[in-house]
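Now, the feature entries from TrEMBL:
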TRANSMEM  7-25  transmembrane segment
TRANSMEM  31-49  transmembrane segment
TRANSMEM  78-100  transmembrane segment
TRANSMEM  112-133  transmembrane segment
TRANSMEM  145-166  transmembrane segment
TRANSMEM  172-194  transmembrane segment
TRANSMEM  292-313  transmembrane segment
TRANSMEM  333-357  transmembrane segment
TRANSMEM  369-385  transmembrane segment
TRANSMEM  391-410  transmembrane segment
TRANSMEM  422-443  transmembrane segment
TRANSMEM  455-476  transmembrane segment
Amino acid sequence: MLYMRAILLMGIGLYTSRVILHVLGVTDFGIYNAVGGIVAMFGFISSSLSNATSRFITIAIGQGNQEYTNRTFGTIKYIYYLLCILVVLLVETVGLWFLYTKMTIPSDRMVAAFWVFQYSILSTVIGFICVPYNSAIIAHERMSAFAYISLFDAILKLLICLLLQITPYDKLVVYATLLFLVEIIDRIIYAVYCSKHFEEVRAPAKLDKKQLKEILTMSGWTLSGNIFWILNTQGVNLILNVFFGPVVNAARGIALQVQGVMGQFVLNFQTAINPQITKSCSQENFKRMGELLMLSSKFSYFLLFLMSLPVFLEAPFILNCWLGTVPSHTVVFLRIVLVGALISSLSNPLWISILAIGKLKKYMIWDNIIQFLVLPSLYFIFRFLNGDPAWAFIVVGISALIGLIVRAWITLPLIHYSRREYIWKVILPLSVVTLLSPILPLFLGKFVLSPILNFLFVIMISFFSSVMVIFVLGLTKNERSFIVNKVYSFF
């Protein structure tokens, strides 16, 4: 069900991105991404707690202690209510100051930008409240419910696209307003479903001081990491706006939307396997934990690579057909973002593993040092070297690669998994697949002159080449047997 959801979400996401860009225009689309980025920057507080939330709920369920699970959820709800108040205070002061004094926004669109800002705050707060409920669904491994709710959310956003085309009012403000209404509907659905199926969700928002200390101790380290992570995402968005204006923000927004839509397949796979990694840790079954880490890393990469290769090779044609008018730099941005996404697909299983273990100090110190260098590097490149906007993505990609190496080096010994085995069973097969798969489509694509025929040909050859190389060189004998049996059982 999760993969059917991902296919539908990919189609809906690509269509809505095209319509939103066309209806809003490049400037307003860039304004929405930049202004929304201010609010999202303060979401690092929620993100840090979200990781701890998933971890504590999953471990509580894995231990089978319902009373402990109820106390955990009640404490988490209490924390999130306080969090909402804190975020609103921060964004309405620091964020509003940044909007009016630092952002590059046309004067005639400042009022619209203000209302986008306010609705983004409300949407973010509602999203915060949903986090514990999302975590409960995932911890209980009710993936079908998660898929249905996400599909309903995507359909509502499709309706927003249709309404934007007929509204006589300011389309940018209407867009932000409707997205806020969708967040409210999502919140109601999650609350009703979880209250009906999970006992712990009905627990009152009550503070347990012992659990508060445990959650905040872990959240403190994840908070520091999320501060730098948000600077590397929304901070890059803002620095691009300051140096290059909203058109470049629009190009970045499009590239990230394509990455996000394609990444749904990887997210679905990892969402299903992450609770198993955490529960294996709570049961001290490190052998299974290592096997799940390897499985999650390899298949996450392969799933994303199968989709990324043809998009990487045919990015100009795809963007022209999809958008009609393609903002400058979009093709380059998209290609670099896809490479970065492949690297990041390997980092998440390592992060889930170290989070399950709970020994975050060394991991987060090194991760923070790596991420700390990104924005100063970009400022130097743009301010003193007059660098191209693409450097924003190159620097972020390099930091992701260095971060992956450090994460693997620190995490693997803690779960009793050999670094050499990780290189031999994960990194080496992925490298072989990455290097060999593009050869055939790059060579044969030169002989087809028609753009549309060349596109279709490259898509087919890329898929065939990738599947063959993955099956023969990327998988072990047991993994090949597992896939063959799954295919036979399907038919």
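Every residue, even glycine, has its Cβ placed from backbone N, Cα and C.
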Residues of the same chain, at least six outside the transmembrane segment (369-385), with any C-beta under 8 angstroms of its C-beta?
225, 228-229, 231-232, 235-236, 239, 243, 391-392, 395-396, 399, 402-403, 406
Spatial neighbours of the transmembrane segment (333-357) far in sequence, C-beta under 8 Å, 6+ residues away:
51, 55, 59, 218, 222, 251-252, 254-256, 258-259, 262-263, 266, 270, 273-274, 277-278, 280-282, 289, 292-293, 296-297, 300-301, 304-305, 308, 311-312, 315, 319, 363, 389-390, 393-394, 396-397, 400-401, 403-404, 407-408, 410-412, 414-415, 426, 430, 434
Give residue numbers and ranges for long-range contacts of the transmembrane segment (292-313): same chain, 6 or more residues beyond its ends, CB-CB under 8 A.
258, 262-263, 265-266, 269-270, 273-274, 276-277, 280, 334-335, 338-339, 341-342, 345-346, 348-350, 352-353, 415, 417, 422, 425-426, 429-430, 433-434, 437-438, 441-442, 445, 458-459, 462-463, 466-467, 470, 474-475, 479
